[in-house]
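Below: one structure, written as structure tokens.
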Amino acid sequence: MDFVRPHLLAIEGLHPPEIHALLDLAESYALLNRSGKTQRDLLRGRTLINLFFEDSTRTRTSFELAGKRLGADVINMSVSTSSVNKGETLLDTASTLNAMHCDLLVVRHSQSGAPNLLAQKVDAAVINAGDGTHEHPTQALLDALTIRRHKGRLEGLTVAICGDVLHSRVARSNIYLLASLGSQVRLIGPPTLIPGAADRLGVEVFHDMDRGLDGADVVMMLRLQRERMKSGLVPSEREYFRFFGLNEARLAKAKPDAIIMHPGPMNRGVEIESRVADDPVRSVIKEQVEMGVAVRMAVLDALARQRSRLPSSRPV
């Protein structure tokens, strides 16, 4: 089964074969990127616009690199100097972008649902690069690809997601994806940072780090999202690390071959110790960044082919 949807707005609602199709295509691009070969004809003559209403380094750069490696004309729109900063509404922005006839629109916005709204108003294929606390689908895909490359599978693995789950769109997308593909997901954090309805998602919830990490195959750490927090959710960063920071002693509770992940940006000494983050064997944080480019190439490829009604193919 190919990925034949007009947009990528969320992981929730995708069928497992669609997810596997994107992961398989991304694996092909990961191998292509490591070989030094290019696929610059695929999006030649197509325009990709990165529209980021929130600051981003990794995601925007990753999409830009993915587009350029496929031959697209890539435009990065700076919201701080655009008409949006002068009071233009999101719908007016959509109308303006539609008049430009771009082919692919990558959107990051502080409000949940903004990419969905744009997808209803523009002719371009829209990719959600993170919307509020809702979802971040390409991050979940790159995380899944990284896990699959190290573990050979996703089904049957125990994945511990630790930290500020309440405000994390990354956590939500990962929960939907991992549960869909047969992983057992654990959420670890203080009660103030775990969603109240988490039990409805088919996950296990732990408020004790040692218990939650016991026997885990994958440990995924999340940063404290101070910019989205109300005051009083955690007493202090020092206290937070004392109970929920990942150090070598806590990591020993997981399986000996457990891998360490983090979507970035990292706050060293708050949610993760430097020695753990930089572990040359178990940390796959740098590989996550690498797989991000491959995943975004796969998503751009799949959406562009869907718009052109071209048959799916693997890069060579």
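Glycine too: its Cβ is placed from the backbone N, Cα and C atoms.
Binding of carbamoyl phosphate is attributed by Swiss-Prot to Arg58, Thr59, His136, Gln139, Gly264, Pro265, and within the candidate set Arg108, Arg186, Arg305, Arg307 the record adds Arg108 to that site.
Fewest Cβ neighbours within 10 Å among the binding-site residues Gly264, Pro265: that distinction goes to Pro265. Annotation for the binding-site residues Thr59, Gln139: lowest Cβ count within 10 Å of the residue's own Cβ, Thr59. Each residue contributes its Cα atom, and for Gly264 (carbamoyl phosphate binding site) and Arg223 (L-aspartate binding site) those atoms are 8 Å apart.
Report note: the carbamoyl phosphate site is defined by Arg58, Thr59, Arg108, His136, Gln139, Gly264, Pro265, and the residues of the same chain whose CB lies within 8 Å of the CB centroid of those residues, excluding them, are Ser56, Ala129, Gly130, Val170, Pro263. Reported as a whole number, the C-alpha separation between Arg108 (carbamoyl phosphate binding site) and Arg169 (L-aspartate binding site) equals 12 Å. Of the candidate binding-site residues, Arg58, Thr59, His136, Pro265, the one lying closest to Arg169 (L-aspartate binding site) when CA atoms are compared is His136.
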